[in-house]
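The compositional bias 'Basic and acidic residues' feature in TrEMBL is assigned to 465-477. The region 'Disordered' annotation in TrEMBL covers 465-484. Under the heading transmembrane segment, TrEMBL lists 26-47, 53-72, 93-117, 129-146, 229-250, 271-295, 311-333, 354-379, 506-528, 540-561.
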Amino acid sequence: MEKAAGCPSVGSSYPQKNAEILSSQYGINLFLAGLLLTFAWAVHAVGISKSHLLSYLITLMLIQLLWMLWYLCRSCTQRRLIRDKDTHAGARWLKCGITLFAVITLILDSFKIGYYVDFSNCLSPTEGIFPVTHAVHTILQVYFLWCHAKDIIQSFKTLERFGVIHSVFTNLLLWTNGVLTESKHQLNEHKERLITLGFGNITIVLDDHAPQCNCTTTTLCSIFSQGIYYLYPFNIEYHILASTMLYVLWKNIGRKVEHHQQHKTPFKFHGITVGMIFGLIVLTSTIAIVVVYLIQIGRSKIKSELALTMFYLHAIFVLALMCTAGIVALLIYRLEDRSLDNSKNPARKLDAELLVGTAAGSWLLSWGSILAIICAQAHPKYTWYNLPYSVLVIIEKYIQNLFIIESIHREQEKVNDDIKTLRIVTVSRGSTLSLTPSYKEIYNGRAARDRGEVPCLLKGSICGRENDGGGDPREESSQDQSSVMRSASDFSFYSRNSVTNNKRRILKNIAAFLFLCNLSLWIPPAFGCRPEYDNGLEEIVFGFEPWIIVVNLAMPFSIFYRMHSAASLFEVNCKT
C-alpha cells in the first residue's frame with residue numbers, strides 16, 4: 001500500500017527532472033558555442049571576426065528580452081494570485097549592488113556608442129548595435145530581478161526552465177566577453193612594461209584589435225577608449241551577479257517550500273565602529289598603494305621593483321590581519337553551542353559552492369608563484385616577498401571560507417527586542433525587591449490576561465499593598481525571600497545575555513572588517529594592479545605564454561571571489 005501511495009508523487013517528479021536536465025544541457029551547449037566563437041575571435045581565426053561574435057551575443061540578448069517581456073506580462077495579468085516566494089533569494093542589498101553595477105554598465109555602453117560614432121567609417125554596424133541592445137537588456141533585466149528574483153515558479157515550468165537557463169548562460173557569455181576584452185588590454189600593457197624589468201628576451205607582440213582608421217575627434221576617442229577599460233570591472237561583476245541570481249531562480253522552479261515567517265535582518269552601523277574604522281584604514285591605504293603602483297610600474301626597473309615591494313608588504317600585512325580576525329571568529333563559534341540550519345536553500349548552497357570554487361583561482365596562482373620561487377635559479381630581492389604573500393593568500397581564503405560558510409549556516413538567535421526591562425531596586429524591610437517582572441512573569445501575565453484574569457506581576461509589593469492590614473508576617477517574609485531568589489536568577493540571566501552580546505559585537509566587527517578588506521583586495525586586480533603579470537619570475541620558470549594563459553584563466557575567478565566574499569560578509573553582518 002505504501003509503495004502504491006508513493007507512485008504518483010514519484011511519477012509526477014519525472015517530467016520536472018527531465019525538464020531540468022534538458023534545459024541545463026541546452027544552456028551548456030549555448031555557452032560552449034559562444035565560448036568557442038569567443039576563443040576563435042581572440043586567436044584571430046580565419047573567417048571569424050568580431051562582428052560574428054557580437055551578432056551571436058545580440059541574438060541571445062534579444063531572445064532573453066522576449067522571454068522577460070512575456071514573463072512580466074503574464075505576471076501582470078496574475079498579480080492578484082498569491083505566489084510562493086523564496087525569502088532567502090534576492091536580498092535587498094544584493095539588488096542594490098547589482099543596480100549600482102548596472103548603472104556603471106550603462107555608462108560603459110554609452111562610451112561604446114560614442115567610440116563607434118567616432119570610428120564609424122571602419123567599424124562593423126554590429127559594434128554600434130551591440131551597446132544599444134546591451135543597454136536595453138541591462139535595464140529590463142535589473143527591473144526583472146528586482147520584481148521576480150524571489151519567485152518560485154509553479155506554472156509553465158518546462159518553458160520557464162528554458163527561459164531562465166537561457167538568461168543564465170547569456171549573462172555568463174557576456175561576462176566571458178568582458179573578461180576576455182579586459183584581459184587582452186591588460187596583457188598589452190603588461191608586454192609593454194616587461195622590458196623595463198630587464199626581460200628583454202621576451203618578444204613583445206601586441207594583440208591589437210584597434211580600428212584601422214583615424215578618429216574624427218582625437219580627444220573624445222582617447223577618453224572613450226581609456227574609460228571603457230576602467231569601467232569593465234563593474235560590467236564583469238554585474239553579469240556574474242545577474243547569472244547567480246537567475247541560477248537561484250532556475251533552481252527554485254517547481255520547488256515546494258515550507259511557509260514560515262522570515263525575520264528581517266537590516267544592516268546597522270551600531271556596534272561595529274572598531275571594525276569599520278580598521279577596515280576603512282585598509283581601504284584607504286589600498287587605494288593609495290594602487291595609485292602609486294600604477295604610476296611607478298613600467299617607468300624604470302628600480303621604480304618597478306619598488307612598486308612590487310610596496311605592494312607585497314602591504315598585502316602581507318592586510319592578509320595577516322584578516323587571518324587573525326578569521327581565527328578569532330572561528331574560536332568564538334567553537335565556544336558557542338548553537339545548532340546549524342541544514343534546511344534546503346538553493347541560494348545558500350550556491351554561495352558556499354561559489355566561495356570554494358572561485359577561491360581555486362587564487363590558489364592556482366599562489367601555488368604557481370611558490371613553485372616558481374623554489375625552482376628559479378636567480379631571485380631578485382623583491383621576489384622573496386612573493387613567498388609569504390602567496391602562502392598567506394592560501395591560508396586566508398581557507399580560514400575566511402570556513403567562517404563565512406559556518407556563519408550562513410548557523411541558526412539565527414530569536415531575540416525579542418520588544419521586551420525591554422528597566423530594573424528598579426528598592427529596599428523594603430531590609431530586603432531587595434524587584435519592581436520589574438522577569439521574562440517568565442511577562443509571559444505568564446499575558447497568558448492570564450488572555451484568560452480574562454488580571455495578572456499580578458509584582459507579588460509582595462503591588463498586590464500586597466491592596467491587602468494592607470490583612471497580611472501575615474510569615475507570608476511577607478517568604479515573599480521577600482522569593483523576590484531575592486528571583487533577583488539572583490535574573491542577574492544570572494543578564495550576565496549570560498551580556499556575554500552573548502559581547503560575542504555578537506566582536507563577530508559583527510570582524511565581519512565588517514573583513515567586508516571592507518575584501519573590497520580593498522578586489523580593487524588592485526580589477527584595475528590593473530597585478531603582480532602576477534609584473535613579477536616576471538613565473539614567466540621565466542613556466543614560460544611566457546603558459547603562465548599568461550594560467551593568469552588569464554585564474555584571475556577572473558580570483559577577482560570575483562573578493563566581490564562575492566564581500567557580499568557574503570555583508571549578509572553575515574546583518575545576520576549576526
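The backbone N, Cα and C atoms fix where each Cβ goes, and this holds for glycine too.
TrEMBL: automatically predicted annotations, no manual curation.
As a quick check, the transmembrane segment (311-333) and the transmembrane segment (354-379) miss the bar of 3 or more Cβ pairs under 8 A, pairs 6 or more apart, so the two do not touch.
Beyond the transmembrane segment (53-72), the same-chain residues lying 6 or more positions past its ends with a Cβ under 8 Å from any Cβ of the stretch are 30, 33-34, 37-38, 41, 124, 126-127, 129-130, 133-134, 136-137, 140-141, 144, 147-148, 160, 163, 166-167, 170, 173-174, 177. Counting C-beta pairs under 8 angstroms (sequence separation of 6 or more), the transmembrane segment (540-561) fails to reach the transmembrane segment (26-47), with fewer than 3 such pairs. Residues of the same chain lying 6 or more positions beyond the ends of the transmembrane segment (26-47) and with a Cβ under 8 Å from any Cβ of it are 53, 56-57, 60, 162, 165-166, 168-170, 172-173, 176-177, 180, 184.
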